Amino acid sequence: MAEEQASLVRARSDSENSSKLGSFGSITHTMTYTDERLTEAGGEPGNNANTATSPPDEGADGESGELLDYNDSSVLEQFHQDALSQAGCGLSQVRVVAAVGLAVAGGSLELAAIPFILPSAEMELCILPHEKNWLVLISLVGASLGSVGWGALAERLGRRRTLLSCLAVNAVFAAIAAFMPTYGTFMMARFCSAMGSGGIVPAGYVYAGELAAGGGRRAALAAALAAAAGGALLAPALAAATLPLTGATTLIENKEHFSAWHRYLLLCTLPILASLISLIWTPESPRYLLEVGREVDAMMVYQFWQAFFQLFSSAYRTTTLSLGGVLLFTVAIQFYLSSFIPLTVLKMSNAQFEASKTIIQNTTLVEEHYNTTMENVEFTNVTFVECAFRDMLMSHVTFRNCSFDHVAFANIKSSYTVFMGSTFVNSTIIDTDMEVGRELDAWCVLRGSSVRGVRGGCARHADLAWRLAAPLAEQRAAARAALLAAPLALLPRAARPAVVICGASVLLAPALYLVQEEHLLYVVEAAYRGLATLVFFAVVTAVVHKYPANLRCTALGLLVSASYMGGAVSRAVADAAPPAAASATFCAVLALAATGAAFAARTRSQK
């Protein structure tokens, strides 16, 4: 085993250390490592046996050196912490935090953009109702696989190189997705893009955390957290500036060769591209560079898999399971609400829409000409004589037991428009998307009438009644809550205990049943998002502090991967539209489970 092959390697002189860490500042005096120093450092159990000490050695040039055991994690960690403490915070850390911030903002933006592109993509790519949720689920699955894969690679390739690689994969496939002509190819490109973005969290957060010490580390991770919230807030801002605001304007705009939602997807890749460019001027994590100085290259393949088993060894099993439970159940609530809240708001909107329907019945209309949008109207037992419907949109229009005598329908786009048991006499339906057997049901009768020049319609109804305002309000509220929560991460850990935060989520659960107003539901979801942001920060900082450098990215990647999978499952449950009482109970149970896992993690840390 690598730990049994420990060899003492002469440490670099002060001048060599300064040249390697020059961007962090100057290390002004030699650091020595003795048994007493390592005991104070509190190394991992079992590692102190590998500690070796030696008196300073004077070389031929008169420089004093020191001996470091590069196979002892506690020695390397203490050396790294002391070097960072002496160097202080400099331009290099600022560059790294900026690059990581752009990366996590881009990853957050990509996921937050999905609700905004779906209405336009549904119309253009002819996405059936049961297919539209696949895009969210396949993105979560891709991110889950990417998190665990890139997290493990970050221990071997380095934080910076891994971050560059996953960002490049994300940017390339996100740009390709904007040009895909079918839903299948579009989903495949988005899946590959999500696999790239999945590596941003484990590689990016650990990278930022390892280039700072003490309070600086907390500030760096809080800045990355704020950047993620900023990316989520950028999604509705770009959507409001780029995408059509109503279903009718979406239908008209989609006639363009390269419609707005394609341009929106390309704009969403800009933070990722900016991060790729900014990483050119950042150094590799010095903690990783110390780690790969160990003589274990021959065991690379074995250690790739060994890292996963180490996470569940006796030393880390409780920590891995408790932190994983906290993040899994918290993220599950977040993704459940991201589906449940919009569906609940949609039900309320549909009820209001139905209540405002205009009903015209038992009358005769002669020589009426319609050429403007007709929406939310029901005609019952109405006779149309020599009327014309031309160059218009019909949305949620029902003709029930109506008669059409010498009536012309031409150049019409329809949405949820049906003719039920109606009779057409000497009438024409030309250049529309209405078809016999679909919009004209089986009880319709055509006498001397023709249906010709019908454009091949999609086998679904494009809902022209939808409005972009609802998802904009929801996403803005949630992103602002996450952004407001980021500064709270700077508070000492005792002021933001994860157990209390998860417990607050339990208290919020009844609101899902009691609240029946749109904007109050957005407030409830925003409150959950703020709490989830603090929980995520607590998990990330715990991973950086509790795991050795050779396990940090693997651990965070595995935890994030499991949470994404849990989010996909909980979102699928929400898509089944359970009643409000069941949803409140479901979220309360998840919050209780997260609270229990947080308590277990706190108990473990106190031992």
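Every residue gets a Cβ built from N, Cα and C, even glycine.
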Of 134-153, 474-493, which span is tagged transmembrane segment by TrEMBL?
134-153
Do at least three C-beta pairs under 8 angstroms join the transmembrane segment (527-544) to the transmembrane segment (220-241), pairs 6 or more apart in sequence?
yes
Integer mean pLDDT for the domain 'Major facilitator superfamily (MFS) profile' (94-607):
89
Compare 134-153, 162-181, 261-281, 325-346 by their Cβ pairs under 8 Å to the transmembrane segment (96-118) and return the stretch that comes out on top.
261-281
Please figure out which one of 325-346, 556-574, 580-601 racks up the most CB pairs under 8 Å against the transmembrane segment (498-515).
580-601
Run the contact check on the transmembrane segment (162-181) against the transmembrane segment (325-346): 3 or more C-beta pairs under 8 Å, excluding pairs closer than 6 in sequence.
no
